[in-house]
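What Swiss-Prot records for this protein:
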type	residues	note
DISULFID	80-92	disulfide bond
DISULFID	104-118	disulfide bond
SIGNAL	1-19	signal peptide
């Protein structure tokens with residue numbers, strides 16, 4: 001039992017570490033780059049001062065489908081000076097000392113409009129800005145599919161229904 005628990009813990013830590021590894025911007029899809037550019041523009045506007053804000057890593061895996069949009073990334077203030085362009089600059093990768101990580105979220109809201117919101121990572125961890133970010137549509141893929149059917153007031157498995165519970 002101890003071995004299984006240790007393996008499960010190791011798998012969870014590996015997954016957590018892989019979700020926060022640095023990103024190679026040029027390897028991302030054009031659609032994902034467009035949404036990350038929106039986060040970079042907002043991050044530069046709010047936190048950059050005279051320095052460029054750059055992409056650091058994903059907070060969670062990005063979802064960029066027509067009906068669902070959720071891109072959550074960490075940004076960092078770099079040692080590079082700001083230019084007119086807010087877009088990704090591969091030469092700007094060194095984080096400026098004594099600057100916080102920035103958590104930026106680009107999502108589709110429940111009313112169909114797009115939200116671009118950036119805040120310090122520590123503020124997000126302490127629950128600040130929750131009222132803003134809770135406006136994101138958190139629809140999950142497959143929620144309304146046949147595979148997720150349940151019968152109201154009847155918890156028995158339904159015969160002939162693939163995946164009904």
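Indices start at 1 and increase along the chain as displayed.
The backbone N, Cα and C atoms fix where each Cβ goes, glycine too.
In the structure shown, across all protein chains, 104 is the one of the disulfide-bonded residues 80, 92, 104, 118 with the greatest number of other Cβ atoms within 10 Å. Rounded to a whole number, the C-alpha distance linking residue 118 (disulfide bond) with residue 92 (disulfide bond) is 20 angstrom. For the pair residue 80 (disulfide bond) and residue 104 (disulfide bond), the C-alpha distance works out to 20 angstrom. Residue 92 (disulfide bond) sits 18 Å from residue 104 (disulfide bond), taking the C-alpha atoms as the reference points. For the recorded site, residue 118 (disulfide bond), the DSSP three-state label reads strand. According to DSSP, residue 92 (disulfide bond) sits in a coil region rather than a helix or strand.
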